[in-house]
Amino acid sequence: MITTLPGLYLLSVGVVKPASWIFGWSEHVVCSIGMLRFVNLLFSVGNFYLLYLLLRKVQPRHKATSSVQRILSTVTLAIFPTLYFFNFLYYTEAGSMFFTLFAYLMCLYGNHKTSALLGFCGFMFRQTNIIWAVFCAGNVIAQKLTEAWKTELQKKKEERLPPVRGPFSEFRKILRFLLAYSTSFKNLSALLLLTWPYGLLALLFCAFVAVNGGVVIGDRSSHEACLHFPQLFYFCSFTLFFSFPHLLSLSKIRAFLCLVWKRKLQFLAVTLVSIFLVWRFTYAHKYLLADNRHYTFYVWKRVFQRHEIVRYLLVPLYIFAGWSIADSLKSKPIFWNLMFFVCLFAVTVPQKLLEFRYFILPYVIYRLNIPLPPTSRLVCELGCYAVINFLTFYIFLHKTFQWPDSPDTQRFMW
């Protein structure tokens, strides 16, 4: 039934075996549930430090941002409810997050061999983490493309060429630029010299898929890939909910409605496409319908199964959430955004099961890259996370129940 590679178990052996030698503890003690869960607590401490280092690296340093904002952002992300809950159980989330964040940090510092090696460690915790190793490579490519694009714009400005007008003119300019850039041997060789460690990792992944006969190990029948496009909508809603102090305000809603009014045809087309994707590509996994321990079971039952039309009525909310996320990332270069959303698509859409844990990594990477919010919003976000965590643990510990066909105690969880 275990469908992930044994990274967590191998690393646990690397921790508990030396502990048994040094302290003379018995195997019963070092391999107890408490000790194994302690491994994830070590990862959570590492994640806290990595989040702080990433915020220092990603966020530009100027007078408007203070160290208080960075520390508050670090604490807030460290207690992000979906991640924080699994720090205390023997799940792959904490280790997966640790190696992925570490790989991202090394990539930002230009140490790409180490980044690829850490990406491999992340892959050993969860196969889909290969996407975030690709994101690290994409980050390098986006940086080079942005530099070349700025040079191109400067050159055109100096030549005083007339601007190209008409629908999709900006898109056509970028497409022409990408075509010219990708046909240059000099550019491609420079990118290859920077990204070859990630390329080697991608080749190893392809070899694994060929030998294994797929990405999943273990119970493949319950983890079949499909085109589950509404997963993008669920992620946008998830992000809007957990980042509401930054994404939801009267001014944001007003700006969105003004944009809809100004570009009626574009938004109508987006709405129709979204409705089609919801109609044609919505899937309900058997675990989602049967496992009443998880919050997603109740979200699906009490929202989506209330009436057939509900899933279509939520489309405007999905569009607003998507626009709000894209708007919050407008300070990032266009090529970075392109890489991020491609990786987000690749990591969410093939998943048939609606599972909040799958959204943790893309959410954290998104949240790291938005401009540092004001202190008041960070305090609001931190307070909300603390309340959600308190309620989650209270329900998990005190609101137990039993299944009719099992004597074991069942608990509510993410």
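Including glycine, each Cβ sits where the backbone N, Cα and C put it.
TrEMBL lists 34-55 (among others) with the feature transmembrane segment.
Here TrEMBL flags 67-88 (among others) as transmembrane segment.
Same-chain neighbours of the transmembrane segment (94-111): 7-8, 11, 39-41, 43-44, 46-47, 50-51, 53-54, 57-58, 83, 86-87, 118-119, 121-122, 125-126, 129, 132-133, 135-136, 139-140, 360-361, 364-365, counting only residues six or more beyond its ends whose CB sits under 8 Å from a CB of the stretch. The feature transmembrane segment is assigned by TrEMBL to 94-111 (among others).
For 196-217 (among others), the entry in TrEMBL reads transmembrane segment. Through the fold, the transmembrane segment (196-217) approaches residues 2-5, 112-113, 115-117, 119-120, 123, 127-128, 130, 133-134, 136-137, 140, 223-225 of its own chain, all at least 6 residues removed from its boundaries and within a Cβ separation under 8 Å.
TrEMBL lists 229-247 (among others) with the feature transmembrane segment.
With a cut-off of 8 Å between Cβ atoms, the residues of this chain six or more beyond the transmembrane segment (267-288) that come close are 222, 226-230, 233, 259-260, 296-297, 300, 311-312, 315-316, 318-319, 352-354. What TrEMBL records for 267-288 (among others) is transmembrane segment.
Long-range contacts of the transmembrane segment (309-326) within its own chain (CB-CB distance under 8 A, at least 6 residues past either end) are made by residues 230, 232-233, 236-237, 239-240, 247-248, 252-253, 256, 259, 267, 270-271, 274-275, 278-279, 282, 303, 337, 366. As annotated by TrEMBL, transmembrane segment applies to 309-326 (among others).
Within its own chain, the transmembrane segment (338-366) is flanked in space by residues 51, 77, 80, 82-83, 86, 91, 93, 96-97, 100-101, 104, 128-129, 131-132, 134-135, 138-139, 141-142, 223-229, 231-232, 234-235, 238-239, 242, 283, 285, 287-288, 294-296, 299-300, 325, 329, 332, 414, which lie at least six positions past its ends and keep a Cβ under 8 Å from the stretch. Look at TrEMBL and you will find 338-366 (among others) tagged as transmembrane segment.
Marked as transmembrane segment by TrEMBL: 378-397 (among others).
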Next item on the list: Go through the chain and flag residues at least 6 beyond the ends of the transmembrane segment (67-88) whose CB is under 8 A from any CB in it; none is fine as an answer.
Entry: 37, 40-41, 43-44, 47-48, 51-52, 55-56, 59, 94, 97, 242, 356-357, 359-360, 363-364, 367-368, 372-375, 378-379, 381-382, 385-386, 388-389, 392-393, 396, 413-414
Notebook entry, point to check: Going along the chain, which residues at least six beyond the ends of the transmembrane segment (378-397) come within the CB cut-off of under 8 Å?
Noted result: 69, 72-73, 75-76, 79-81, 84-85, 242-246, 411-414
